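Q: Pulled these features from TrEMBL for this protein:
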TRANSMEM  87-108  transmembrane segment
TRANSMEM  114-133  transmembrane segment
TRANSMEM  140-160  transmembrane segment
TRANSMEM  180-199  transmembrane segment
TRANSMEM  208-231  transmembrane segment
TRANSMEM  243-264  transmembrane segment
TRANSMEM  276-296  transmembrane segment
TRANSMEM  308-325  transmembrane segment
REGION    333-357  region 'Disordered'
COMPBIAS  341-351  compositional bias 'Pro residues'
Amino acid sequence: KISPAPEGHCVSASVPSHGGLTLTVETSAIKGIGSWVILVCKKVFPQICAFIGSSFVIKKIGLKKAGDSGARARAGSGGHSYLYEPLWWLGMVTMILGEIANFAAYAFAPAILVTPLGALSIIFSAVLAHFILKERLHMFGVVGCILCVVGSVGIVLHAPKEREINSVGEIWHFATQPGFIVYSCVAVVGALFLIFWAVKRSGHRKMLVYIAICSLMGSLTVISVKAVAIALKLSFSESNQFIYVQTWFFIFVVIICCLVQLNYLNKALDSFNTAVVSPVYYVMFTILTILANMIMYKDWVSQSATQIATQLCGFVTIVAGTFLLHKTNTSSTDRHAESAPTPPPPPPPPDQICVQG
């Protein structure tokens, strides 16, 4: 039975059970939790997006300043002069703060709410790049950003629910299944192919080369970070997980993948428009992370045909938006190359100079 209560008081619902006991649910408590989650997302998540979005711009300023110094090679040319630039480190600290807050948000709000809101960082980054870096985004680029965000939100909203994991051994069990081993091998081999073959030939012209490396490594990073987070939580609960080899393996994967991501994300920011790099990176990272989780936990088995069809439509929308962004970046690069002054021809060698007399 449900007993009404005056306004401002809790409402209790009593449900009789077979054992003669009564289960009372306080609806005000449920409503309070829901409103608290919404309050967290409204108050905290704009700051998270501001941190992550501004970090791209601050790092880009540091990369440009380091490259303009001329003392060392630019990041896009394989150099690491940005390590000596304080502004780049400020951008790194800003990104770390944003990612830590983003990671904490997943503990207080459902992923179905947090992940789509991450698209706000793309808008924040594009606006800052427009006004601070003077990187103009073509109208087709704006349409591409919108398509990427809409497609990502569609995929995330219809993605399978995340499985609850309670131990590092449980993650290790899923990670050693044949399906995820195949995905991991494909991701690593694909990243190595891009690093040792595609980067040298078209990395400076094709933005997707750098971003694909970051996204492939990022999908493996998410799986490993989750294992490390669970290990820390259990270790603080007097169940030490650092005595197991699996925990240290996941830590090793996190370190290696983060270093690779950091290196090639800097190359992408140094070589291409920040307003284009940010949405494409967000899209590819989100898609590959969802794909890795679906393969690892096999959650797609429980999905309906409608959910799968919606995800495919979202994927096609993202491909269209990414294509527009990539073509926008390519056309702007070509226009910049055409507008650049042609250098004068070199003088002929001394032995070819004809002296008339």
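Glycine residues also receive a Cβ, built from the backbone N, Cα and C atoms like all the rest.
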Q: Below 8 Å between Cβ atoms, which of the listed ranges 140-160, 180-199, 208-231, 243-264, 276-296 makes the most pairs with the transmembrane segment (308-325)?
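A: Selected stretch: 140-160, with the most Cβ pairs under 8 Å.
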Q: Between the transmembrane segment (208-231) and the stretches 140-160, 180-199, 243-264, work out which stretch tops the count of Cβ pairs under 8 Å.
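A: Comparing 140-160, 180-199, 243-264 against the transmembrane segment (208-231), the winner is 243-264.
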